[in-house]
Each structure stands twice: as structure tokens, then as C-alpha cells.
Amino acid sequence: MKHKSIILTGGGTAGHVSLNQAIIPSLRKEGYDVHYIGSYDGIEKELITQSFPDVPYHHISSGKLRRYFSMKNFSDPFKVLAGVGQAYAVIRKVKPTMIFSKGGFVSVPVVIAAKLAKIPVVIHESDVTPGLANKIALPFASHIFTIFQDTLNYLPSEKATCTGSIVREELFSGNALKGKKRCGFTDHKKVLLVMGGSLGSVVLNDSLRSNLPDLLKTYNVIHLCGKGNSDSSLDSLKGYKQFEYVTNELPDLLHAADFVVSRAGSNSIFEFLALKKPMLLVPLSAAKSRGDQILNAKLFEKQGFAHVLEEEMLSKSTFMKAIETLTKRSPEYLDAMEKAERPKTPAEMVKLLLQYEK
Ligand SMILES: CC(=O)N[C@H]1[C@@H](OP(=O)(O)OP(=O)(O)OC[C@H]2O[C@@H](n3ccc(=O)[nH]c3=O)[C@H](O)[C@@H]2O)O[C@H](CO)[C@@H](O)[C@@H]1O
């Protein structure tokens with residue numbers, strides 16, 4: 001019997017890939033052949049080909065969609081057009097029953113090609129406000145799923161559903177002891193995990209490192225610092241372990257953590273919520289983004305899950321003070337997290353998704 005096929009797309013940062021990673025095993029259980037369309041060199045290529053070597057990965061070209069002036073704004077539309085042609089050829093060959101797009105620039109040509117090939121597309125928005133790629137994709141899509149209820153205010157009601165968060169199943173099966181052992185922590189100090197999103201954050205890295213001598217008196221520190229950001233002069237510090245980017249080790253490291261300090265990317269903060277980690281969030285500032293992380297963080301603060309320190313207020317001393325507040329208030333945060341809605345399982349998400357197939 002010939003299997004049905006589905007194409008997934010999304011990339012640029014890990015936040016546009018993690019939901020796809022979460023649902024691939026469930027789609028396969030349902031009997032689907034899963035294909036992925038991504039860029040030549042984006043993080044999605046590494047994440048998908050490493051975790052799912054048997055998922056065919058199709059490269060396409062794609063331009064960055066900028067809200068600001070750049071000479072590349074003249075060449076990138078041609079790259080997007082080329083990407084539409086490449087994606088169309090893949091779709092004609094694979095003949096999927098539907099396409100699921102997690103957003104990011106690479107998804108735009110795929111969504112346009114799907115419309116041309118008359119294949120239903122469902123898109124997904126993880127942040128409170130829709131990203132630029134999803135705004136462009138929306139007219140071509142059959143439906144859009146959101147994580148936050150508030151996102152529905154920005155979308156046409158007949159086309160949008162809030163599903164809540166979906167968290168990769170392997171994150172729940174971490175082992176704290178293994179995580180501590182991996183980091184070489186041998187005492188009983190509480191563990192602080194600091195993560196600057198999937199790319200790392202220079203401002204968080206600097207604030208943390210400038211406070212390390214003080215912090216290490218009280219805590220063991222796991223630092224996910226981002227590609228190219230490790231500092232070998234700190235390798236011998238007792239109680240401090242840095243990683244540039246982790247994949248298989250992440251569940252154990254998260255289970256080892258008592259508190260988290262993080263950027264406010266949507267996937268990350270819902271993972272911390274699901275694992276009940278009191279968190280200090282330092283959202284990416286409005287000067288560097290459309291402000292989506294600020295809204296994500298504010299909603300988490302309002303629901304009593306997090307303490308928020310705005311990037312503009314970040315300094316050596318406010319960082320330490322915010323960690324004090326985090327640890328002091330952590331019983332309240334844990335209480336609120338106990339009462340929070342549980343995330344959907346990938347299998348539940350797949351069921352919702354397949355309603356839209358041809
Ligand atoms: C700079 C930028 O554009 N950031 C956006 C990007 O963030 P970013 O890519 O950082 O996205 P998220 O915080 O949502 O997700 C990061 C994902 O990477 C994983 N992870 C991270 C570090 C690591 O070492 N290993 C690992 O597996 C996390 O577990 C998580 O699943 O997408 C988010 C979701 O649309 C947005 O809210 C952010 O504003």
C-alpha cells in the first residue's frame with residue numbers, strides 16, 4: 001500500500017523548527033511519509049537531518065524579508081521566486097495531502113507553491129503577534145494555529161484556532177542526576193540554567209559572566225551560550241558548565257535545573273512552564289525585534305509564571321537582583337505553574353492538523 005505523504009517546512013531559528021521535530025514521530029505513527037523543505041544552510045537543516053536522517057530534506061532558496069532598507073532587498077525577491085519554483089517541483093513529486101508550515105522566511109516560497117499546486121497549507125504562529133513570514137503566508141493558508149489566545153485578536157476568526165502549546169515528548173524524560181554528572185557538579189548547590197534562545201544572547205552571556213564569581217558561591221550554573229560564544233578561559237571554573245548548543249543532552253540539563261534565566265522565545269518559555277521551572281525572562285528588546293518576546297514575557301508575568309527584566313534595564317547589578325527576586329518568588333511561580341493548562345501532546349496536535357488534509 002502506498003503511504004500518504006506530508007511536507008513540513010519552517011526554519012531560520014530553532015523556534016521555527018521545534019514543533020516540526022515534535023510532530024514527526026506522531027505523523028509517522030499515523031502512517032505518513034514525512035518530507036521537509038528547508039534552506040541550504042539554516043539551522044533547520046542540521047536539526048532535521050541529524051534527528052531524522054531518514055526524512056528526505058529538500059533544499060530551496062529563499063530571501064530574507066526585511067522591514068528595513070538593504071541592497072539585498074532588490075535581489076532577494078528573485079531568490080524567493082526561485083524558491084517557489086523549487087518548492088513547486090518538490091510538491092509535484094511528493095504529492096502530499098497537506099503542508100504544514102512553522103514559519104520563518106524559508107516557509108514563504110513553500111506556502112505560495114502549495115497554493116499554486118492546490119495543496120492545503122496549515123501555518124502555525126508561536127508568538128503573541130504574527131511574524132512577517134506568517135503575515136505573508138496567511139492569505140495562501142487554509143488555517144492558522146496559535147499558541148496564545150491573545151494572538152486570535154490579530155487574525156481572521158474563521159481561519160484561526162488557538163491550540164495552546166505543544167512540547168517535544170523527549171523533554172519530559174530527562175534525568176537530573178545524569179544532567180548534573182554531565183556538568184561535573186558534585187555538591188548540592190541549586191542549579192541555575194541560563195539560555196539565550198537558540199542562537200544565544202550576547203547581553204545575557206555578558207551579564208552572567210560578569211557575575212560568575214558571586215553566583216558560583218550559591219549556585220551551579222549551566223550556560224547555553226549559543227554558537228561561537230563559548231569562552232575557553234572559563235572552562236576550569238568549578239560549578240560552571242557552558243555549551244554552545246545542545247540537542248540530546250537538553251532533557252537531562254533541564255531536569256537538573258532549579259531555576260532558569262532566558263530570552264522569551266515562545267517555544268523555550270512553554271517548555272520551562274511544562275517542566276515547572278521558575279524563570280527570569282529577559283525578552284529581546286523592541287529595538288532589535290518586532291517586540292514579540294516582550295509580549296510573550298508580559299503574558300507569562302501576568303499569569304504568575306515568571307519574573308521579567310527588560311533588556312534596557314539589564315546591568316551587572318540588576319541581573320543579580322533579578323535572580324534574588326526569582327529565587328525568593330519561586331514558590332509562587334511553582335504554585336501558578338501547577339494550575340496552568342497542560343501542553344497538548346504531539347499526537348493531539350497531529351489529529352487537529354490532519355482535519356485539513358486533501
Ligand atoms: C532572535 C529571534 O528571532 N528569536 C525568535 C525565535 O527564537 P528562538 O529560535 O530562540 O526560539 P524559541 O525560544 O521559541 O525556541 C528555541 C528552541 O531551541 C531549543 N534549544 C535551545 C538551545 C539549545 O542549546 N538547544 C535547544 O534545543 C529550545 O529547547 C527551544 O525549543 O523564535 C521564537 C518563536 O517564534 C521567537 O519568539 C523569537 O523572538
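Backbone N, Cα and C define each Cβ position, glycine as well.
Taken straight from TrEMBL:
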BINDING   THR13, ALA14, GLY15, ARG168, SER198, GLN293  UDP-N-acetyl-alpha-D-glucosamine binding site
DOMAIN    6-145  domain 'Glycosyltransferase family 28 N-terminal'
DOMAIN    191-341  domain 'Glycosyl transferase family 28 C-terminal'
Segment-level pLDDT (mean, integer) for the domain 'Glycosyltransferase family 28 N-terminal' (6-145):
92
So which binding-site residues out of ARG168, SER198, GLN293 are up against ligand 1, CB under 6 A?
SER198, GLN293
Can you tell me the three-state DSSP label for SER198 (UDP-N-acetyl-alpha-D-glucosamine binding site)?
coil
Based on Cβ atoms within 10 Å, give me the single least packed residue among the binding-site residues THR13, SER198, GLN293.
THR13
Please state how far apart, in Å and to a whole number, the two most distant Cα atoms are among THR13, ALA14, GLY15, ARG168, SER198, GLN293, the recorded UDP-N-acetyl-alpha-D-glucosamine-binding residues.
21
